[in-house]
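Trainee: The active site annotation in TrEMBL covers D289. Look at TrEMBL and you will find Q107, K123, T222, L223, W224, L225, E294, D309 tagged as ATP binding site. Taken from TrEMBL, the feature Mn(2+) binding site applies to D142, D309. Look at TrEMBL and you will find 188-397 tagged as domain 'FAM20 C-terminal'.
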Amino acid sequence: MKLKQRVVLLAILLVIFIFTKVFLIDNLDTSAANREDQRAFQRMLASLQVELEPRLEHTLQSPWEIAAQWVVPREVYPEETPELGAVMHAMTTKKIIKADVGYKGTQLKALLILEGGQKVVFKPKRYARDYIVEGEPYAGYDRHNAEVAAFHLDRILGFRRAPLVVGRFVNLRTEIKPVATEQLLGTFMTVGNNTCFYGKCYYCRETEPACADGDIMEGSVTLWLPDVWPLQKHRHPWGRTYREGKLARWEYDESYCDAVKKTSPYDSGPRLLDIIDTAIFDYLIGNADRHHYESFQDDEGASMLILLDNAKSFGNPALDERSILAPLYQCCIIRVSTWNRLNYLKNGVLKSALKTAMLHDPISPVLSDPHLDALEQRLLSILATVKQCTDQFGPDVVLVEDRMTLSHL
């Protein structure tokens, strides 16, 4: 064989060797990543039940200090949280030292300061568990139990982007009124034998107060994020117009996602994949009201989309609002880790996991069975949507590897 032929043959063999090595390494990495996803799923299942008890591992720190240290750009709490039960116990039992009207918004809420200086947002009960909210998917009052259920679903999906939420019963006469600001106190009234308040918000009306059962009001409390992490509000690219007869561009433009991909912060970084994760989360809980979203300030698209204000959820178990999934079926991409987690939750695992996670909440049962059954059906719809995408574009295009190392230094 001539020297030139030998050189060409060696070059071909070298190229084959390099491609084979790269292929094997890629497959090895993917396999290792999938195994880690499965291990993470098993760890989540093992830590699902959160027993609310005051014991802390770090006795030199308050529960508020521990929770504040959990927050980093890509998660609100870490995967392993042995102190979670203690933090949530404090949220539901610590003395209320101040009560005020809620921060600006459309729905009734109160801002409470708990012993130790921790802020929480209190959302009152407005509906019985089996009440069906008719009309548009974003209709009705906020649902306090939806906030609780959404937090635990965030844990189950492995997103860890929702602030901590727990149910709480408060005595409006003895716990709230003595420490209420004049602004909040001025909205209190008595209806029959029940103490009520209507607060201050865009839709708050004296004619539509939230009423306790006597003096005892059921609600949810959401842990305020640390002030060292200021929030930045963004308009959701798939937000609704909320005007009859006027469609948003995504509702009629099939190529809308292509335009979004060219716009900051969706043209690079994790934000678009966060939007798609959130669409999956919102579809499962039936939340069609995410017209805006929050991230941490000055993040240049690197921090997570924070799953705040999930109370317009679990209103009607019979209503599956497919348009919530528009980011998924229009962009046809999804994180591999999200895809893996959704598949692990098939065959009744999701319903069972959520029931287990919420078992020890003070307001348990948090959801009625029809809502839990609806989650199962919606999960199947999500999986079918991704399958349609992979059939059309192939799994290499649809399933996107996006694993960011998360640190808690």
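Cβ coordinates come from backbone N, Cα and C, glycine included.
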Trainee: For a quick check of packing: other C-beta atoms within 10 Å of the C-beta of Q107 (ATP binding site), how many?
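Mentor: Q107 (ATP binding site) is surrounded by 20 other Cβ atoms within 10 Å.
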Trainee: Quick one: Cα separation, D289 (active site) versus L223 (ATP binding site), in Å?
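Mentor: It is 21 Å, counting Cα to Cα.
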Trainee: Note down the number of other Cβ atoms within 10 Å of the Cβ of D289 (active site), including every protein chain shown.
Mentor: 25
Trainee: Roughly how many angstrom lie between the C-alpha atoms of D142 (Mn(2+) binding site) and Q107 (ATP binding site)?
Mentor: 7
Trainee: Looking only at the domain 'FAM20 C-terminal' (188-397), what is the mean pLDDT?
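Mentor: Result for the domain 'FAM20 C-terminal' (188-397): average pLDDT 96.
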Trainee: Of all the binding-site residues given, E294, D309, which residue's CB has the most CB neighbours within 10 A?
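Mentor: Selected residue: D309.
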Trainee: In the structure shown, which of the binding-site residues L223, L225 has the fewest Cβ neighbours within 10 Å?
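Mentor: Each of the binding-site residues L223, L225 was scored by Cβ atoms within 10 Å; lowest is L225.
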Trainee: Which residue among the binding-site residues K123, D142, T222, W224 has the fewest other Cβ atoms within 10 Å of its Cβ, if you could check?
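Mentor: Among the binding-site residues K123, D142, T222, W224, the lowest count of other Cβ atoms within 10 Å belongs to W224.
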